[in-house]
């Protein structure tokens, strides 16, 4: 099954994709020099601590405002000056990209058999923004996310990854016609998904009214409803959780 590092990579990429919307919800409008700007106060910035943690897993970590260069040296007796939301956005994107690269390197080390530390939360403070150069091909998994009311095709020539995740796709037909090691289908509905040969395992989770056509060594089906599976598998499917009306 996909490792914890794969899940961390997905969480980071989700944050990367939606960061602009998150910041816009926390920001305030101010007018100045003839144009309107979005700024973030230290209180609004601290709310990001719900999603972002600096430090090792299980540790209390560093307060978010102290980890950021904008508020780190602010006087506790004086109200901190608000910061442009665009400036916060750029800084966090660099941190996230560097953390994604850190996850990718950890996965590569594991696959090559070299010793590495156990899976734990990414210590963002260890990921230097200057080394931020994460790319889709460098990640452990290729994400197909949010496809709606359309057809989507990926062939072997399009993929440099050994793992694919199909996430939150609806009313669509998706073809992944490439040899893979792992595949995950998560949170999809009213879709048809065709996977080429998957060498290790496929996990299908939280899907509704999805037709899945695949060839794999094994498949795990978790918490799905009204789905139809056309399977070529070496081992009997593992069906766990709360499932209804599967065929």
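Every residue, even glycine, has its Cβ placed from backbone N, Cα and C.
Keep in mind it's a predicted model, so treat the numbers as computed, not measured.
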Where TrEMBL places region 'Disordered' among the ranges 78-105, 106-133, 134-161:
106-133
Treating G and I as helix alongside H, and B as strand alongside E, what does DSSP give for the domain 'C-CAP/cofactor C-like' (129-247) in helix, strand and coil?
9 helix, 68 strand, 42 coil
